[in-house]
């Protein structure tokens, strides 16, 4: 049963991140997920200190405050300080992450968090923390929270599909159609932040980034069609979650690390498929050209 | 305080070694990172530092020892592989650079975490402390580490000094560097090798996650103090060394505190400080400059206005009411008063009650501004073929900028004209 819950947790994170990641990828904003996942750490630690609980709501508030703070710091460094954007992002998120680690170390005895948990989460402990209603075991809390998040994100993408699609592919055209591009930008950022914070505990910061970037990149390599890309991204994410679980129990290693390694493996396979396809299509094209050439000259 | 002295006197031999290593590692990151920063590759630095983790784990698995030389070799290998993958994915697939970066960063790192956990679960006693690479292990460094990392840091700094000219040219003008015979491709490769090595060394101090900061934050801070690359590299190294020492000191006094994150925090504070106060491009400095220019423009406008009034009745030093000035030219009362205080200090006007008059040097200054204004109007109508009713606005702006040399050049080119397009006379010196 434990295996089922762990795989389900991984699959939920994979599916949610896979959906959102596609839009981040198309908007060339992949590194934003990276920056957010690092920068919200101090907010999460402070929320623990203030609220004395691992409940999701205080964590979300803390993370949201620091998420906004990150964008403000980047904005000030970049616009007011005229620091180039890549350096502004780099300075802002490493600084906030450093403060987060300092807070974790300083309040180690008061905060039920440690440096390792921050980095690779505690997906193995997910089944231990169950939700009990009237003495009835309803399954792990994390699975419930992640499921609700998944439904919210799924609804957001279904309902906002047109807006998201248009603003991702051609923001200028979308603007001429009267679509509020900044609304879609900020709502997508909020959705990414929400997912990042909620997935943080179970899979850790870098794993969220891997699930946000990896499966969409694999899907993007294999198709040009957005619905297909979304589907492929979700499927390859879930496959990596399943494969990662079994890989980790085989080699006796970190579950989250194994899941990410599977993403890497999938990407290499996707690369090979793509190369194979290109080769055959090139040969086909060459063949056609030859045929056409011969038929021209034949009497 | 007692702690600080104890620390600075280097009585504790452990502190001595750790400090020496941190200083050398920070300095080499600061020096090499300046080029990473200027070539706008900050986030690639972040990806490489994450890609180093599996290399360290693999090196340990193969050699079964924490010998710093083997670990460094492993770190360099996967760091380089990560860089290669980013370039390859960007060049060969339709994925954009940001996606290639994110993918390499997270997949390499995830694989590293997997390897690290396998090592930890294997029960090998020698592995303890390997996880310190995540957040740096400055405080746990032994003499052997210090020797290897210190030596490599010195080599890195020396190579940068030796190839300084070539690196500078490639960073600022790649094309030009190629035309004067610098082997651009080979030099770029060398910079990449240095960067990967600097990262592989630096993670000993601050760890994989925060390494990007040690690489680029010192350079970002240095950028606000100088325009000269030599000084920038020097300052960047100084900032990095200062932060390294502070971080080591803090974790020495408070053993609970991690060194790496404190180094990064001190560096970030230095950057914020530089962004605010830096002598070049700093926010306060820019505001000051803006303010100074605003004051100058305000003062010159008041003088010009008084001079114009003088032209009407040929009495340049007569007292004029504030209201009269404000009727001629719309200047808010607050600005007028502020401007007059400044002008009075410079002895260009004298103020009595609600009236003001130009001093002889004030007349001269008003004449100069008026003259430039009218010369420019003539220039625009004559050489730019602009209609005479379109030239005033432009002249309003340029009159505060033109230098005496340009003024002479304008006079000469226009052959000392007597009247401007609005038939106002051009006031040459000694006219009043």
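FYI, residue positions are counted from 1 along the chain as it appears here.
Each Cβ is built from the backbone N, Cα and C atoms, and glycine gets one as well.
TrEMBL annotations: computationally assigned, not manually curated.
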_Quick test of your reading of TrEMBL: among A:143-161, A:276-294, where does it put transmembrane segment?_
A:143-161
*Mind checking which residues reach the transmembrane segment (A:229-247)? Cβ under 8 Å, same chain, six or more beyond either end.*
3, 6-7, 10-11, 13-15, 17-19, 21-22, 157, 211, 214-216, 218-220, 222-223, 253, 255-256, 258-263, 265-266, 270
_Using a Cβ cut-off under 8 Å, which residues of the same chain at least 6 positions beyond either end of the transmembrane segment (A:173-197) come close to it?_
13, 16-17, 20, 23-24, 27, 32-33, 36-37, 40, 44, 56, 59-60, 63-64, 67, 149, 152-153, 156, 160, 163-164, 166-167, 208, 212
*Which range out of A:89-108, A:143-161, A:203-222 gives the transmembrane segment (A:6-26) the most CB pairs under 8 Å?*
A:203-222
